[in-house]
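If you check Swiss-Prot, you get these features:
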DISULFID  Cys163-Cys168  disulfide bond
DISULFID  Cys186-Cys868  disulfide bond
DISULFID  Cys194-Cys826  disulfide bond
DISULFID  Cys254-Cys504  disulfide bond
DISULFID  Cys732-Cys875  disulfide bond
DOMAIN    162-878  domain 'Peptidase M13'
CARBOHYD  Asn180  N-linked glycosylation site
CARBOHYD  Asn539  N-linked glycosylation site
CARBOHYD  Asn701  N-linked glycosylation site
CARBOHYD  Asn853  N-linked glycosylation site
TRANSMEM  128-148  transmembrane segment
Amino acid sequence: MAINQGKYKPSICAIDEVDDRSFKLHNSQDEIGGKQQLQQIEGSETAPLTTNQQKLHMDDGSHLTPKDLEAARQDALNEVAAGGAGGRTPAAITPNSTHPSANGLRALLLPGRRSFDALMSLSRKRRILYVTTACLCALLLLIIILLLAFWPEVPFYLRAPLCLDKECVESSRQLLLWANTSKSPCHETYEWACGNFASDYANHEYFVIKRGEWNYETYNEYQELNELNRFIAMLPNSQEGSVESTVSSLYRSCRETDVLDKSQSDLLLKRAINAVYGWQAFRDSNRLQSWEYKRVLVVLQAKHGIFPYYRVTVENGFSNPHDYVITLDEGELGLPDKYFYGNDADEEVVRGYKLLLRDFAINMGIVSREADLFADDIFHYERRIVNHIEDAKADANRPINKLMRLADLKIKAPSLPILESLQAIFPKTKITEDTEVLVRDPEVMHALSVLLSTSDKKPINNFIVWSLARKMLPHLSKEYRTLAETFDHALYGRTASYPRWLICSKVVRDWLPFAVDALQQQPPRQQFETMTSKSRGLNKTQGNEELLKLMFFSLRNQLKDSLEQAKWLEPAARQFIQKKLNEMRLQFGIPDEVLQQPTYLAQYYNELILNNVFFVEHLEWIWTFRRSQMEKKLGPLAILDVIVSEMYTRDNPQAIAYSNKLNMLLVSKVLISSNYYDYRYPVAVNFARIGTDILEALIDNFSTFLLQFNTQSTDISDAAPEIRYAQPDVNCLAAGQPPRLVHELNELSSNALKSFHVTLSAARTAARALSNFVNAIDAGSAIQGSGIDQANTYEALGLTRRLRIPGLRSFNENELFTLSYMQQHCSTTIADKDYARIKPLVESQLAESYLFNATWQHIQFLPRSTNCAAAEATCSNLL
């Protein structure tokens, strides 16, 4: 057998063993006596080849027969066998054979070499496949290692438990209904909070019906009236004279107004005008020869409850024990604010008002030329009244809110028949010249007296007749109602007519508020709710009241702390207000003792008679009933009667009101049983809604507290702390706004500026109270003044769970508060009227669009809660 070693042909596969061409051969025969090392020069062509090299680099064997190849293979096998039989194994002779560590390394690398040899023995395509797979696996392993090393921490809100209760889902639905959380709260704040508000209004049943501004308040009012309409429809048929029948009868009579035709309306108007001894514009009148305005004013006030020059009410006095006292203030005018009688007034509103006056006269049969004169005379006479009042208020040092004997007031204002009016309005009360009354502004009474004494009978007669007709117009036939709606278009913007069910539901609520709330708060309904919810612990009414108590004490405590920081209030005044807050109590709805008396409600409305043929005639009887309730307040009342009187004898009963007589916060149960508030809603949502409502009711009465302090203290001058307190820094609040806005804010009435101050102060205080409330829950500490077992109460109300709500899972308490509060200022106006500019003059409240921007700019908590930049400086005169 011949193996051609001299013709060694290197190939690509020879690299597997070229790196170790030097080796040692151990002579088995000389192994005992000594080892002869034979070292070959690495890379020489004479170096013996290994077995694998021999296999890979032998000649193609064209001159070798298969028999020669087989013989060579057999020789190799025999050689190996012989070495094994003789106890000797051929060993490679290497320079490092004497070092065991090197041999160990070679032994370790030997399996890798064999794997590599096996890989090289494969075909090229299979080698590429295996190498690619190995690279991909290595890359995948590297990616996994990098992901494990740099994987971000899972946010808390994704790990926090999610609340899936019905109330949590409902609160989320309410917030997401108007919000567009895909927008940036820092750069697109309104779109973030109210992005879907306008589109929801466009799809609402109230679309183009609400006059002026559709906002959160009007949205809730619509929901309330809609529920009341359904409630009235479900009232059972009761016997004649019951409260249920009175409510149903009033509602039906209101719905039937459309059957009244113009001739009947003319007859009703003329009958009412004859009751005030005629109108000089009628041709058949006696041309005012025997007409006496003092006698007419007494009839107009006592019979119809209309107060054209001075207004009579019964309010709380400023001296302890804050008993009721007859109060006199300036009277009513045709336009909503004195601004509209100025030289720079809104021309569209003035033109609409004159058109209303003119069309009324024409409908009453007055020819066009005289109707135009009538309109001009009324407007200019009302302007004279405004000018006299403003001149009287020019002196900032004049006395206000002064108790005066009627004899002294008669000397001050001899042309006003005040004594005669009071004797007619309160016939069961002894009214004499020694009776003391509270006069809001004695100088205004004097100015009005001068005006009457210097006016002719004709403008006085026109003004009194118009005051009577203006109150009747909305309840007459369609021809007269259209006149009032046309003026509303000039004032609020062009809208559709209110649906009749909405008007009548509002009439029932405003005229019979105690009956409506009492029927909705019947004990049988509560007992049924308690029985059905007993197995689940607290029912909604109980839970709402318990949480509201905690919120009230938390808000009160924060309000006291905010007062401590109000250095713009004198220390003695701050202490007085804090004392009032410490002694304040809380009342939910009508007392249970009242509802448990089966005859209380019937006796309350015993004097109300609604048996008239036409709805407009109810006006007189409703006023007679209200007048009797006012007179009862002048006598001794039981505590239950005082609570009912404080809640329902106001001109506009509020769901949350403060009683100066009782130093008590009154919260309607209708409100706390609605979807506006629920103890299972997130705490932040409740603080942003009903929490700010409570604070606004309290802060709004701080001016009254200061008047009480003025009356009871001799250390404070008559510098009218109410005015200083209620006036915010207009220049600061309007910083960064157009100059026109600064001018408009300075032109606002004190009531409008006061509401602005109240809104901002309430929001800031509520945000701080929320933080303290949440910290108290986390720490398990009690709310100061609440007097509760905090551990059981917090657990029963579910306050310790701190669950996230669906759809807003990433929002913490502060962000939820911000979103909920900002949505209270969502609004949209009628397209053809810039109502935002005149809203403060019409409603004594700033437009919601401005309040939205002002609260975001001047309440630092709101932008900071959403990680937005906030102004560091704060405006003065804010809590």
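Note: Cβ is positioned from N, Cα and C throughout, glycine not excepted.
Features per Swiss-Prot, on structure.
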residue : record                      : CB count, 10 Å
Cys163  : disulfide bond              : 22
Cys168  : disulfide bond              : 22
Asn180  : N-linked glycosylation site : 15
Cys186  : disulfide bond              : 12
Cys504  : disulfide bond              : 24
Asn539  : N-linked glycosylation site : 15
Cys732  : disulfide bond              : 14
Cys826  : disulfide bond              : 24
Cys868  : disulfide bond              : 15
Cys875  : disulfide bond              : 19
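Each of the glycosylation sites Asn701, Asn853 was scored by the number of other CB atoms within 10 Å of its CB, and the largest score is that of Asn701. Per-residue pLDDT, averaged over the domain 'Peptidase M13' (162-878), rounds to 86.
In this structure, of the disulfide-bonded residues Cys194, Cys254, the smallest number of CB atoms within 10 A of the CB marks Cys254. For Cys826 (disulfide bond), the nearest neighbour among the disulfide-bonded residues Cys168, Cys186, Cys254, judged by Cα separation, is Cys186.
Cys504 (disulfide bond) and Cys194 (disulfide bond) have their C-alpha atoms 31 Å apart, to the nearest angstrom. Comparing Cys875 (disulfide bond) with Asn853 (N-linked glycosylation site), their Cα atoms are 15 Å apart once rounded.
A distance of 19 Å separates the Cα atom of Cys168 (disulfide bond) from that of Asn180 (N-linked glycosylation site).
In the three-state DSSP scheme, Cys732 (disulfide bond) is classed as helix. Taking Asn180, Cys194, Cys254, Cys732, Asn853 as the recorded positions under consideration, the smallest Cα distance to Cys868 (disulfide bond) is found for Asn853. For the pair formed by Cys194 (disulfide bond) and Asn180 (N-linked glycosylation site), distance between Cα atoms is given as 7 Å, rounded to the nearest Å. Cα of Cys163 (disulfide bond) to Cα of Asn701 (N-linked glycosylation site): a span of 38 Å. Across the fold, the C-alpha of Cys732 (disulfide bond) and the C-alpha of Cys186 (disulfide bond) stand 21 Å from each other. DSSP assigns Cys868 (disulfide bond) to coil in the three-state reduction, placing it in neither a helix nor a strand. Taking Asn180, Cys186, Cys254, Asn539, Asn853 as the recorded positions under consideration, the smallest Cα distance to Asn701 (N-linked glycosylation site) is found for Asn853.
With Cys254 (disulfide bond) as the anchor, the candidate recorded positions are Asn180, Cys186, Asn539, Asn853, and the one with the nearest CA is Asn539. The shortest Cα-Cα distance from Asn539 (N-linked glycosylation site) to any of the recorded positions (Asn180, Cys186, Asn853) is found for Asn180.
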